[in-house]
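Here's what TrEMBL has on this protein:
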COMPBIAS  332-341  compositional bias 'Basic and acidic residues'
COMPBIAS  348-382  compositional bias 'Acidic residues'
DOMAIN    417-560  domain 'Ran-GTPase activating protein 1 C-terminal'
MOD_RES   Gly702  1-thioglycine
REGION    332-396  region 'Disordered'
Amino acid sequence: MSSFDLNSINAALTDPGSTINGVDFSGKSLKLDTAHDAQPIVEAINACPELHYLTLTGNTLGVSAAEAIAKSLEQHPELKIARFSDMFTGRMKTEIPPALAALGDGMITAGARLRVLDLSDNAFGPIGVEGLAKLLQSDVCSELEELRLNNNGLGITGGRLLANALSARPRKLKIFVAGRNRLENDGATALAKVFQNMGTLEEVAMPQNGIYHVGITALSEALKKNTQLARLNLNDNTVGSKGACAIAGALSNLPNLKCINFGDCLLKSKGAKALAKAFKDNSLLLESLDLSHNEIGRDACMEVVDALTALPDSYDRLSRVVLAGNSLGGASDKKTMKDKLGASAELSDGEESDDEYVTDSEEEEEDESESEEEKESEDSAPEDSQHIDDSTSFGNDVLLNKSGDLTLDTSGIEEVETDVGKFLQQPTVENLTRLGPNAADVIDAHLQAIKETADHIQAYVDATLCVSGLSEQSARAKVVAEEMIPRLIQRAGERHAAQWLLANTVLSGLGLIKSEDKTRKIRWSLPPCYACIARCMSAPYFPVALRDTLQFFANAKKSTIPYAETLCRCKKRNIILLSVVFKGSSGLKHKNKMSETLKLNLQFGGGAELLFDRIKKREIELPALNKYLPDSNKEKWTIRELLMWIKDNLLKERPELFLQGDSIRPGILILINDADWELFGELDYELQNKDHIMFISTLHGG
């Protein structure tokens, strides 16, 4: 095969007189469900004698349409560029893997050798990578130079699957883009191992991925091996000072680095200074640098400017330097920076403050170090844990006011002068004792004044956890906590939205997920909180859905929050029993004998209803099992037989999107009376009269 220059073909694509040919249907907003729908594209491909590029961006393909297009691709081994971004809007995720696999098979059959593959803005998640795996591992991608997977919702699992597919053979990627994918530390670390073996990367863009310094450090080590790297974009990850130091250590191996985007990375002054020193020590010839909104102090900003302008050609070389959103000092400081940077400077700090974000003092640098150490314990479970403070004191919230006196940081806490208000601000045994023998009633009466639902639930969760956090220190606190938990459940109400809000608030209060309110801090000891809630989880009043949600997230976090395992110890038998009792199922009264019919409530959601004429709720009546399956020796209906019945009676087409063999297709969640079917034995669960069975697709396209 003759040599192929990517830059030449990209230039040729924009030259009307070039001999580079291809098919471009970008931005047509075509909805292509069937082979007939895809016929215009098929005809264009068949009419193109030399198909160097195919662009389908901005349309939506179903499986049948993709298969038709794939068939036409089988005749074009010369294909080099496949731009398939924004190509599955409105599709169920179960449609995307077979569609991707079909397109891949067409190129594999043709013997094509892609140089560019763009699948950005397709929200296919981890399951989409499964559809891509065969293509990425094939000879079609053996010479791939540019891979764009921006905004695909890969998550940690998708990141690992992608790394596994890319590691199947040696790679020579030059451009890798995978922003907005929530790869987090684990996904980034998996990809870093692949990068380390490449050595050819020229551009890496992984913004908005929830990566902390652990993942940043892994990427930094990998990038040392890619000495031709020219562009690095890690915008809106939590690089922090530790991550910045790791990157600074790699810069000596990256002499060709021209463009860096570390905006919104919480570098602070310490991280900015580490980078500035590395820029200067390694005489980097940077052309573009974005350090905006990083809480960098004035002196550190000046060090960055001095490092960038140390070489005599900097005035002409620098095209863009963004320090906006940091503390730049007064007008004279900004003028000095502007004079040094010239037209490249973007310096607005928004607040025009001389001391905003200044973190150069010894005390503040120590606080930052503590914050980084806390982040080191954060894992990459489905959601990173928020800051966890296990102490019952307010030691970490002590600040110095302008007079030099100690004061408490009560940000995010309503200032109330009552005894309850004082307890909620500083939850100690002494302050709880001041509330008297009926502390739960006093707290309850105080919180009843809050009318807004979200604030009301937040206040009850905070109060309950403040009390629960003291339960190991005080027997009285333990009693009050176990009085507060049922009140919390009751006050939240039974509406679905309120129950969801309650679960979200409790999870964030226990440090199992991040709080959306970044100003909130955990100010209670967590281990006793877990113990108190675990003791109440088997009570009849405790919602099954809330318990199962808590157990799911606690199980995901138990490696980093050992005491979270307390919530995971509820026995399976008790879970099933409580689920039946709480939901009012008559499963304990009915024997589900062969002679009885069985009434069930079925519900389809999350896109699964599209396979059932868009009908979300159905009430069905199953005959005696021996009438439906005369040859069966079973007496009772189970989920296994129910799926067969649904296929025969409700599902009229495309069963492969709902079933896989005799089980449910991966990506469709089954809930039995609002609890995960895994808790009930999955396919072998024996159905009870009036059971509520939900089928929810967790995988949406678009």
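Note that Cβ sites are derived from N, Cα and C of the backbone, with glycine treated the same way.
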Sort the residues of the domain 'Ran-GTPase activating protein 1 C-terminal' (417-560) into helix, strand and coil with DSSP and give the three counts.
94 helix, 0 strand, 50 coil
Give the mean pLDDT for the domain 'Ran-GTPase activating protein 1 C-terminal' (417-560) on the 0 to 100 scale.
81
Tell me the residue counts in helix, strand and coil for the compositional bias 'Basic and acidic residues' (332-341), as DSSP assigns them.
10 helix, 0 strand, 0 coil
